[in-house]
């Protein structure tokens with residue numbers, strides 16, 4: 001049977017009548033429009049505002065581009081099956097979607113680490129900030145982040161490619177994730193499981209540890225300042241980045257916990273956590289920086 005050589009999977013949808021599917025699609029579409037509008041606005045404002053041509057805002061542009069690509073890799077496909085009932089996804093399309101989701105998440109994690117390093121240098125070594133984080137260095141960091149994500153997560157779909165799959169091919173999410181697809185295989189998945197866990201720990205896990213370390217050093221430097229007013233002013237420059245880090249890592253940890261310990265949870269929990277993981281950072285990131293950055297606020301008001 002050719003389906004054994006090229007299997008297809010059934011994407012999960014929220015339980016309930018078609019009316020519930022329609023309103024879920026409207027909600028996801030609204031969030032996607034907000035994410036696209038917000039991130040495109042950030043890209044446009046940073047490009048046209050010379051005062052924002054600094055490493056921190058170049059990293060913010062990279063973050064906005066990643067969020068656009070990440071949400072676009074999932075939302076249109078989800079909307080197609082909610083509105084047109086096309087729940088089936090081919091094996092090859094599933095692997096491509098999986099590669100982009102995991103790779104873009106890894107790149108975003110690396111950029112968040114680079115932004116933490118930028119804040120550390122700006123607060124702890126302000127006189128050397130311009131010399132260390134030049135435009136060329138910022139571009140190289142972006143290229144390294146891209147190469148790191150591709151090299152670590154390209155093997156994930158390749159390890160699944162030769163595996164046979166069981167008759168039950170219903171996924172737990174509205175899109176393809178490595179662990180979700182791997183659990184449907186009818187073969188030994190130990191190499192794939194070990195590599196996937198190793199890649200997550202060496203990229204997202206290591207980045208999270210280094211981000212925490214950078215903020216410990218920042219906190220020590222801030223506490224050495226003379227007055228509370230100076231301390232609050234110095235640390236306030238990190239608030240937006242801390243919020244963005246939480247918006248990325250909290251859904252990631254929640255999704256990992258659901259995969260590991262939530263086998264008995266309702267299918268709706270898996271679907272909601274997956275959508276939160278993809279869409280919430282893309283929606284919140286431009287809002288957070290829009291609220292915290294006066295230059296971006298001023299440009300938005302001028303555009304309006």
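Keep in mind that glycine also has a Cβ here, set from the backbone N, Cα and C atoms.
Unlike curated entries, TrEMBL annotations are predicted automatically.
Since this is a predicted model, take the numbers as computed values, not measurements.
The domain 'G-protein coupled receptors family 1 profile' annotation in TrEMBL covers 38-289.
Per TrEMBL, transmembrane segment is recorded for 20-45 (among others).
Non-local neighbours of the transmembrane segment (57-75) in the same chain are 28-29, 32, 35-36, 39-40, 42-43, 46-47, 97, 100-101, 104-105, 107-108, 111-112, 114-115, 118, 135, 138, 141-142, 145, 174-175, 244, 278-279, 281-282, 285-286, 289; each lies 6+ residues outside the stretch with a CB under 8 Å from one of its CB atoms. Residues or ranges marked as transmembrane segment by TrEMBL: 57-75 (among others).
Annotation comment: TrEMBL describes 95-117 (among others) as transmembrane segment.
Residues annotated as transmembrane segment in TrEMBL: 129-154 (among others).
The transmembrane segment annotation in TrEMBL covers 193-218 (among others).
Per TrEMBL, transmembrane segment is recorded for 239-262 (among others).
Sequence-remote contacts of a segment are chain residues at least 6 beyond its ends whose Cβ falls under 8 Å from one of its Cβ atoms, and for the transmembrane segment (268-291) they are 12-15, 28, 31-32, 34-35, 38-39, 41-42, 60, 63-64, 67-68, 70-71, 74-75, 78, 101, 108, 172-175, 177, 240, 243-244, 247-248, 251-252, 254-255, 258, 262, 297, 300. Residues or ranges marked as transmembrane segment by TrEMBL: 268-291 (among others).
Under 8 Å from some Cβ of the transmembrane segment (20-45) lie the Cβ atoms of residues 13-14, 52, 60-61, 64-65, 67-68, 71-72, 75, 78-79, 82-83, 275, 279, 282-283, 285-287, 289-290, 295-296, 299-300, 303, all in the same chain and six or more residues away from its ends.
The highest tally of CB pairs under 8 A with the transmembrane segment (239-262), across 95-117, 129-154, 193-218, is held by 95-117. When pLDDT values are averaged over the domain 'G-protein coupled receptors family 1 profile' (38-289), the model yields 90. Counting same-chain residues at least six beyond the ends of the transmembrane segment (193-218), those with a Cβ under 8 angstroms from any Cβ of the stretch are 105-106, 109-110, 112-113, 116-117, 119-120, 123-124, 148-149, 152-153, 155-156, 159, 178-179, 182, 235, 238, 242, 245, 249, 252, 256.
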